[in-house]
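Asker: Would you mind keeping the following structure in view while I ask a few things?
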Amino acid sequence: MKLVKATHLNGTIAVPADKSISHRSIMFGALAKGKTTVRNFLRGEDCYSTLHAFQQLGVPIHDDGETITIEGQGFDGLKAATAAIDIGNSGTTIRLMMGILAGQSFETTLYGDASLNRRPMNRVMLPLREMGAQLKGDQETEYPPITVSGTGSLHPITYQMPVASAQVKSAIIFAALQAQGTSTIVEKEVSRNHTEDMIRQFGGTITTEGKTITVTGPQTLHGQEVIVPGDISSAAFFLTAGAMMPDSKITLTNVGINPTRTGIIDVLEEMGADLTLREQDNQNQSATIDIRSSSLKGVTIAGDIIPRLIDELPIIALLATQAEGTTIIKDAEELKVKETNRIDATAEELQQLGADITPTADGLIIHGPTKLHGGQVSSRGDHRIGMMLQIAALLTDEDVELARAEAVAVSYPDFFDDVRTLAQGGETK
Ligand code: S3P
């Protein structure tokens, strides 16, 4: 498609719901006893993959278009699916479900689209096997389809995580909630903690001390009313666009500000962006953020901040093309195993538009500022690459043609409409 053009962006956007929390709201709702309601559920393809997967496991889930209602079955109430379950593009769904299914006394096969079927699953299979479940990849590889033969008698685990990954951590926690005894998980770096927060919200117990998480099973969870805050990873496209574009001022409402997710705000501030947080709601962990055109400088992004902004690195790389000086992104090798290899995709697609960006083994080096030009680019089937390229297209007067634009529906179905709204200086919803 031909991407939207704009000279400046102005207006207010209600940020779409958080993808990580939406997935988990279905999972916890299904595994709790009693009714869970979810308001502001993200109506993106990935979250529907989770919803449909739990319906296939015998969980009644109703959607009246506004609220999702889940008739929770408890950890012991899931039923074997009658066929293999299609997980689509969603890494969070498949990995967290592997942990859930590890404790179930039946066999389930999970498969995905071409991208998901290339993503590594050993990181989850190895600890779950140690806990007593059997998991097999396609033709003995570590890739989906994955068949999980669960067991009602999982053992607890003491596990030092080799990767900083909330998906791996969460899969182990879901298994540990079903095991007999106390599990200890030590993170490589602190990653998003929505699973831990939601265990407490659903009446369970889990302790966190620095990088060490302790959880004792078996536990019984109870249905709750969940209101999903907006996704800072979706807000990131407009936070950066507002800072980069001239004569722009954007207000983003209902932005999730869980501290394990706010690395993007720290980086924007360090680069010199003019942004303000207001109407902070600590209960719902959300805020309104105003961002204005800013003069930006290059920075180094490395170490323990990386998991706090892992999904924002493609758009941060674009931001760096408009900053004075050099930006170095390091310690981000995990980007290679996302929906695409995001180190290569970000570098190669932005090079098509004239950016001075070089891929490295664990990140990117960007020299700025550069005037971008038009060209032909592709999302490569990756929602975040597609959205980043639309924001890049706003920085040139020339035409940018995006292949595989439909990928953005994975996390932000109204994204192009919201860009148009801001280009016309308006408001959404
Ligand atoms: C997610 C964790 C992250 C992130 C993904 C969502 C989650 O993946 O990239 O978009 O909801 O737990 P990793 O755990 O593989 O880093």
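We number each residue from 1, going along the chain as drawn.
Heads up, the Cβ atoms here are built off N, Cα and C, so glycines get one too.
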Asker: Of D138, D311, D362, which does TrEMBL put in the 3-phosphoshikimate site with K19, S20, R24, S165, Q167, K338?
Answerer: D311
Asker: Same chain only, sequence gap of 6 or more: which residues have a CB within under 8 Å of the CB of R384 (phosphoenolpyruvate binding site)?
Answerer: S233, D311, P314, I315, K338, E339, R342, S411
Asker: Tell me, by DSSP, whether K338 (3-phosphoshikimate binding site) is helix, strand or coil?
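Answerer: SS state of K338 (3-phosphoshikimate binding site) = coil.
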Asker: Just the binding-site residues from R24, R119, S165, R342, R384 whose C-beta lies under 6 Å from any atom of ligand 1, please, or none if there are none.
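Answerer: Among R24, R119, S165, R342, R384, near ligand 1: S165.
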Asker: Using the residues the record lists for phosphoenolpyruvate (K19, G91, R119, Q167, R342, R384), what whole-number Å value is the largest Cα to Cα distance?
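Answerer: Farthest Cα pair among residues binding phosphoenolpyruvate: 19 Å.
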